[in-house]
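Q: What Swiss-Prot records for this protein is below:
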BINDING   G65, G66, R87, N188  substrate binding site
SITE      K30  site 'Transition state stabilizer'
SITE      K251  site 'Transition state stabilizer'
Amino acid sequence: MDQQALDKAAVLAEALPYIREFSGKTVVIKYGGAAMAAADLKAAVMQDIALMKYVGMHPIVVHGGGPEVSELARRMGIEPQFVDGLRVTDAATMEIAQMVLVGKTNREIVTHLCAQGVKAVGLSGQDAGLIRAARHLHRSRETGEMVDLGFVGDVAAVDTEVLTTLTTAGYVPVIAPIGVGPGGQPYNINADTVAGAIAAAMKAEKLVLLTDVEGVRADKDDPSSLLSRVTAQEVKSWIARGRLQGGMIPKLQCCLTALEGGVNRVHIIDGRVPHSLLLEIFTDEGVGTMVVK
(Lines of atoms letter the chains of each structure in order from A and count residues from 1; the text may use other names and numbers.)
(Lines give C-alpha, C1' and ligand atoms only; values in the text may rest on other atoms or scores of the structure.)
Protein backbone atom coordinates (compact mmCIF):
# COMPACT_ATOMS: atom_id res chain seq x y z
CA MET A 1 0.00 0.00 0.00
CA ASP A 2 1.29 3.46 -0.92
CA GLN A 3 2.59 5.24 2.22
CA GLN A 4 1.18 8.57 1.10
CA ALA A 5 -2.30 7.05 0.93
CA LEU A 6 -1.87 5.58 4.41
CA ASP A 7 -0.76 8.96 5.75
CA LYS A 8 -3.86 10.61 4.28
CA ALA A 9 -6.07 7.96 5.88
CA ALA A 10 -4.37 8.59 9.24
CA VAL A 11 -5.05 12.32 8.96
CA LEU A 12 -8.73 11.68 8.28
CA ALA A 13 -8.93 9.27 11.22
CA GLU A 14 -7.30 11.86 13.50
CA ALA A 15 -9.89 14.44 12.45
CA LEU A 16 -12.90 12.20 13.15
CA PRO A 17 -13.31 12.89 16.91
CA TYR A 18 -13.03 16.64 16.28
CA ILE A 19 -15.63 16.48 13.52
CA ARG A 20 -17.92 14.65 15.92
CA GLU A 21 -17.24 17.12 18.73
CA PHE A 22 -17.77 20.30 16.72
CA SER A 23 -20.58 19.26 14.37
CA GLY A 24 -23.50 21.61 14.95
CA LYS A 25 -21.34 24.07 16.90
CA THR A 26 -20.69 27.72 16.08
CA VAL A 27 -17.11 28.79 15.41
CA VAL A 28 -16.27 32.46 14.86
CA ILE A 29 -13.25 33.13 12.63
CA LYS A 30 -11.49 36.47 12.54
CA TYR A 31 -9.92 36.60 9.08
CA GLY A 32 -7.13 39.10 8.57
CA GLY A 33 -3.46 39.72 7.91
CA ALA A 34 -1.37 37.99 5.26
CA ALA A 35 -4.02 35.31 4.81
CA MET A 36 -6.13 37.99 3.10
CA ALA A 37 -3.36 39.20 0.81
CA ALA A 38 -1.56 36.16 -0.65
CA ALA A 39 -3.64 34.31 -3.25
CA ASP A 40 -2.54 30.83 -2.09
CA LEU A 41 -3.28 31.58 1.57
CA LYS A 42 -6.62 33.14 0.68
CA ALA A 43 -7.60 30.01 -1.26
CA ALA A 44 -6.53 27.78 1.65
CA VAL A 45 -8.66 29.73 4.15
CA MET A 46 -11.72 29.56 1.88
CA GLN A 47 -11.24 25.79 1.52
CA ASP A 48 -10.87 25.43 5.30
CA ILE A 49 -14.09 27.34 5.98
CA ALA A 50 -15.90 25.32 3.31
CA LEU A 51 -14.76 22.06 4.89
CA MET A 52 -15.89 23.25 8.31
CA LYS A 53 -19.32 23.95 6.85
CA TYR A 54 -19.50 20.61 5.02
CA VAL A 55 -18.79 18.61 8.21
CA GLY A 56 -21.66 20.29 10.02
CA MET A 57 -20.09 23.26 11.79
CA HIS A 58 -21.57 26.78 11.73
CA PRO A 59 -18.71 29.15 10.82
CA ILE A 60 -19.18 32.90 11.14
CA VAL A 61 -16.48 35.05 9.52
CA VAL A 62 -15.46 38.51 10.73
CA HIS A 63 -12.86 40.10 8.48
CA GLY A 64 -10.35 42.89 8.71
CA GLY A 65 -8.82 44.78 5.84
CA GLY A 66 -6.62 47.38 7.47
CA PRO A 67 -3.80 47.33 4.90
CA GLU A 68 -6.28 47.91 2.07
CA VAL A 69 -7.87 50.80 3.97
CA SER A 70 -4.42 52.32 4.55
CA GLU A 71 -3.49 51.88 0.89
CA LEU A 72 -6.59 53.67 -0.39
CA ALA A 73 -6.21 56.39 2.25
CA ARG A 74 -2.66 57.10 1.07
CA ARG A 75 -3.81 57.19 -2.56
CA MET A 76 -6.34 59.83 -1.47
CA GLY A 77 -3.68 61.85 0.34
CA ILE A 78 -4.44 60.76 3.90
CA GLU A 79 -1.59 59.28 5.96
CA PRO A 80 -2.94 56.58 8.32
CA GLN A 81 -2.42 57.14 12.05
CA PHE A 82 -2.67 54.57 14.84
CA VAL A 83 -2.79 54.80 18.63
CA ASP A 84 -2.27 51.61 20.64
CA GLY A 85 -3.13 49.52 17.58
CA LEU A 86 -6.36 51.43 16.84
CA ARG A 87 -6.84 53.45 13.65
CA VAL A 88 -7.54 57.15 14.08
CA THR A 89 -10.72 57.59 12.01
CA ASP A 90 -11.86 61.03 10.89
CA ALA A 91 -14.89 61.49 8.61
CA ALA A 92 -12.87 60.96 5.42
CA THR A 93 -11.17 57.84 6.79
CA MET A 94 -14.56 56.50 7.91
CA GLU A 95 -15.85 56.82 4.37
CA ILE A 96 -12.75 55.08 3.01
CA ALA A 97 -13.13 52.25 5.54
CA GLN A 98 -16.72 51.67 4.44
CA MET A 99 -15.74 51.70 0.77
CA VAL A 100 -13.00 49.13 1.30
CA LEU A 101 -14.41 46.87 4.01
CA VAL A 102 -18.06 46.76 2.95
CA GLY A 103 -17.83 47.52 -0.75
CA LYS A 104 -14.73 45.55 -1.71
CA THR A 105 -13.25 43.17 0.86
CA ASN A 106 -16.56 41.73 2.06
CA ARG A 107 -17.76 41.14 -1.51
CA GLU A 108 -14.53 39.36 -2.43
CA ILE A 109 -14.71 36.96 0.53
CA VAL A 110 -18.35 36.14 -0.20
CA THR A 111 -17.49 35.48 -3.85
CA HIS A 112 -14.61 33.15 -2.95
CA LEU A 113 -16.72 31.18 -0.46
CA CYS A 114 -19.58 30.85 -2.93
CA ALA A 115 -17.06 29.47 -5.45
CA GLN A 116 -16.37 26.69 -2.91
CA GLY A 117 -20.07 25.83 -2.85
CA VAL A 118 -20.73 27.65 0.42
CA LYS A 119 -23.85 29.80 0.76
CA ALA A 120 -22.14 32.92 2.09
CA VAL A 121 -23.93 36.17 2.89
CA GLY A 122 -22.12 39.48 3.25
CA LEU A 123 -23.07 41.84 6.07
CA SER A 124 -21.76 44.83 7.93
CA GLY A 125 -22.65 45.66 11.49
CA GLN A 126 -25.04 48.27 10.09
CA ASP A 127 -27.29 45.65 8.48
CA ALA A 128 -30.42 44.95 10.55
CA GLY A 129 -28.69 46.77 13.43
CA LEU A 130 -26.39 43.78 13.84
CA ILE A 131 -23.70 45.70 15.76
CA ARG A 132 -24.73 48.67 17.87
CA ALA A 133 -21.73 50.90 18.44
CA ALA A 134 -20.72 53.52 20.98
CA ARG A 135 -17.91 56.01 20.51
CA HIS A 136 -14.64 54.67 21.90
CA LEU A 137 -13.12 56.81 24.65
CA HIS A 138 -9.42 56.07 24.62
CA ARG A 139 -6.67 56.74 27.13
CA SER A 140 -3.16 56.53 25.66
CA ARG A 141 -1.13 53.70 27.16
CA GLU A 142 2.00 55.79 26.64
CA THR A 143 0.97 59.15 28.09
CA GLY A 144 -2.12 58.28 30.12
CA GLU A 145 -3.98 61.15 28.44
CA MET A 146 -7.32 60.92 26.63
CA VAL A 147 -6.95 60.70 22.84
CA ASP A 148 -9.66 61.55 20.30
CA LEU A 149 -9.68 58.67 17.81
CA GLY A 150 -12.62 60.07 15.84
CA PHE A 151 -15.24 57.61 14.63
CA VAL A 152 -13.73 54.59 16.34
CA GLY A 153 -16.34 52.54 18.13
CA ASP A 154 -16.83 49.95 20.82
CA VAL A 155 -19.42 47.21 20.51
CA ALA A 156 -22.39 48.26 22.64
CA ALA A 157 -24.62 45.33 21.65
CA VAL A 158 -24.91 42.49 19.13
CA ASP A 159 -28.32 41.52 17.74
CA THR A 160 -27.93 37.77 17.26
CA GLU A 161 -31.29 37.26 15.53
CA VAL A 162 -30.02 37.79 12.00
CA LEU A 163 -26.96 35.57 12.59
CA THR A 164 -29.02 32.78 14.14
CA THR A 165 -31.51 32.98 11.28
CA LEU A 166 -28.75 32.73 8.67
CA THR A 167 -26.73 29.94 10.29
CA THR A 168 -29.85 27.88 11.01
CA ALA A 169 -30.78 28.16 7.33
CA GLY A 170 -27.34 26.94 6.27
CA TYR A 171 -25.72 30.26 5.39
CA VAL A 172 -22.26 31.49 6.41
CA PRO A 173 -22.35 35.13 7.55
CA VAL A 174 -19.36 37.24 6.49
CA ILE A 175 -19.21 40.42 8.57
CA ALA A 176 -17.42 43.72 7.94
CA PRO A 177 -16.46 45.46 11.23
CA ILE A 178 -18.52 48.62 10.81
CA GLY A 179 -21.02 49.32 13.59
CA VAL A 180 -23.92 51.75 13.76
CA GLY A 181 -24.32 54.36 16.47
CA PRO A 182 -27.02 56.86 17.45
CA GLY A 183 -28.56 58.62 14.48
CA GLY A 184 -27.19 55.99 12.11
CA GLN A 185 -23.59 57.20 12.48
CA PRO A 186 -21.19 54.50 11.26
CA TYR A 187 -18.23 53.58 13.45
CA ASN A 188 -15.01 51.83 12.58
CA ILE A 189 -14.50 48.99 15.06
CA ASN A 190 -11.40 46.85 15.35
CA ALA A 191 -12.16 43.50 13.69
CA ASP A 192 -10.73 41.54 16.62
CA THR A 193 -13.08 43.41 18.96
CA VAL A 194 -16.07 42.62 16.74
CA ALA A 195 -15.10 38.95 16.51
CA GLY A 196 -14.84 38.65 20.28
CA ALA A 197 -18.20 40.34 20.84
CA ILE A 198 -19.96 38.18 18.24
CA ALA A 199 -18.41 34.99 19.62
CA ALA A 200 -19.65 35.92 23.10
CA ALA A 201 -23.13 36.90 21.92
CA MET A 202 -23.52 33.70 19.88
CA LYS A 203 -22.10 31.53 22.68
CA ALA A 204 -19.67 30.11 20.14
CA GLU A 205 -17.73 26.95 20.87
CA LYS A 206 -14.52 28.55 19.60
CA LEU A 207 -13.11 31.85 18.44
CA VAL A 208 -10.14 31.60 16.09
CA LEU A 209 -8.02 34.66 15.24
CA LEU A 210 -5.94 34.39 12.06
CA THR A 211 -2.95 36.69 12.50
CA ASP A 212 0.53 37.44 11.15
CA VAL A 213 2.29 35.98 14.19
CA GLU A 214 2.75 32.39 15.35
CA GLY A 215 0.76 33.12 18.50
CA VAL A 216 1.61 34.71 21.84
CA ARG A 217 5.27 34.80 22.89
CA ALA A 218 6.65 34.99 26.42
CA ASP A 219 9.31 37.27 24.91
CA LYS A 220 7.98 39.19 21.92
CA ASP A 221 11.46 39.26 20.33
CA ASP A 222 12.16 35.53 20.76
CA PRO A 223 10.35 33.23 18.27
CA SER A 224 11.28 30.19 20.37
CA SER A 225 9.26 31.51 23.33
CA LEU A 226 5.87 30.75 21.73
CA LEU A 227 3.27 29.84 24.35
CA SER A 228 0.88 27.03 23.41
CA ARG A 229 -1.53 27.87 26.24
CA VAL A 230 -2.22 30.95 28.36
CA THR A 231 -4.96 31.79 30.85
CA ALA A 232 -7.27 34.79 30.99
CA GLN A 233 -5.66 35.82 34.27
CA GLU A 234 -2.22 35.92 32.65
CA VAL A 235 -3.59 38.08 29.84
CA LYS A 236 -5.18 40.51 32.32
CA SER A 237 -1.85 40.79 34.14
CA TRP A 238 0.04 41.53 30.91
CA ILE A 239 -2.44 44.25 29.95
CA ALA A 240 -2.30 45.85 33.42
CA ARG A 241 1.52 45.89 33.36
CA GLY A 242 1.68 47.40 29.87
CA ARG A 243 3.57 44.41 28.54
CA LEU A 244 1.58 44.24 25.28
CA GLN A 245 2.06 46.50 22.29
CA GLY A 246 0.24 47.51 19.11
CA GLY A 247 -2.21 45.13 17.48
CA MET A 248 -1.73 42.40 20.10
CA ILE A 249 -3.63 44.55 22.63
CA PRO A 250 -7.07 44.41 20.95
CA LYS A 251 -6.46 40.76 20.03
CA LEU A 252 -6.00 39.65 23.61
CA GLN A 253 -8.71 41.99 24.88
CA CYS A 254 -11.13 40.32 22.48
CA CYS A 255 -10.02 36.93 23.82
CA LEU A 256 -11.09 38.07 27.29
CA THR A 257 -14.43 39.35 25.98
CA ALA A 258 -15.14 36.02 24.32
CA LEU A 259 -14.15 33.91 27.33
CA GLU A 260 -16.10 36.08 29.77
CA GLY A 261 -19.10 35.76 27.44
CA GLY A 262 -19.09 31.98 27.59
CA VAL A 263 -16.84 30.94 24.70
CA ASN A 264 -14.93 27.82 25.70
CA ARG A 265 -11.63 28.45 23.92
CA VAL A 266 -9.94 31.13 21.87
CA HIS A 267 -7.08 30.39 19.49
CA ILE A 268 -4.53 32.84 18.05
CA ILE A 269 -2.95 31.19 15.03
CA ASP A 270 -0.56 32.06 12.22
CA GLY A 271 -2.55 32.78 9.07
CA ARG A 272 0.68 32.66 7.06
CA VAL A 273 0.69 28.86 7.43
CA PRO A 274 -1.47 27.23 4.74
CA HIS A 275 -4.55 25.49 6.21
CA SER A 276 -3.67 26.62 9.74
CA LEU A 277 -7.40 26.76 10.46
CA LEU A 278 -7.80 23.04 9.77
CA LEU A 279 -4.62 22.23 11.68
CA GLU A 280 -5.98 24.02 14.74
CA ILE A 281 -9.46 22.54 14.72
CA PHE A 282 -8.95 19.02 13.38
CA THR A 283 -5.56 17.81 14.69
CA ASP A 284 -4.29 16.70 18.09
CA GLU A 285 -1.40 19.16 18.34
CA GLY A 286 -3.06 22.26 16.92
CA VAL A 287 -1.05 25.39 16.16
CA GLY A 288 -0.54 28.80 17.75
CA THR A 289 -1.71 29.81 21.22
CA MET A 290 -4.88 28.72 23.01
CA VAL A 291 -6.35 31.16 25.53
CA VAL A 292 -8.54 29.61 28.23
CA LYS A 293 -10.40 30.83 31.33
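Every residue gets a Cβ built from N, Cα and C, even glycine.
Describe the structural context of these features.
A: N188 (substrate binding site) carries a strand DSSP state (E or B).
Secondary structure at K30 (site 'Transition state stabilizer'), taken from DSSP and collapsed to helix, strand or coil, is strand. Of all Cβ atoms in the shown protein chains, 31 besides its own fall within 10 Å of the Cβ of K30 (site 'Transition state stabilizer').
Non-local contacts of K251 (site 'Transition state stabilizer') by the CB criterion (under 8 A, 6+ apart in sequence, same chain) comprise D192, L209, T211, I268.
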Q: Check each residue in the chain of N188 (substrate binding site) that is at least six apart in sequence and keep those whose C-beta is under 8 Å from its C-beta; list them in sequence order.
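A: Spatial neighbours, sequence-distant, of N188 (substrate binding site): R87, T89, T93, M94, A97, F151, V152, G153, P177, I178.
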Q: Other residues with Cβ within 8 Å of the Cβ centroid of G65, G66, R87, N188 at the substrate site?
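A: Same chain, not in G65, G66, R87, N188, Cβ within 8 Å: G64, V69, S70, T89, A97, V100, L101, P177, N190, A191.
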Q: Could you find out if DSSP has G65 (substrate binding site) as helix, strand or coil?
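A: The residue in question, G65 (substrate binding site), is coil (DSSP, three-state).
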Q: List the Cα distance (Å, whole number) between K30 (site 'Transition state stabilizer') and G65 (substrate binding site).
A: 11
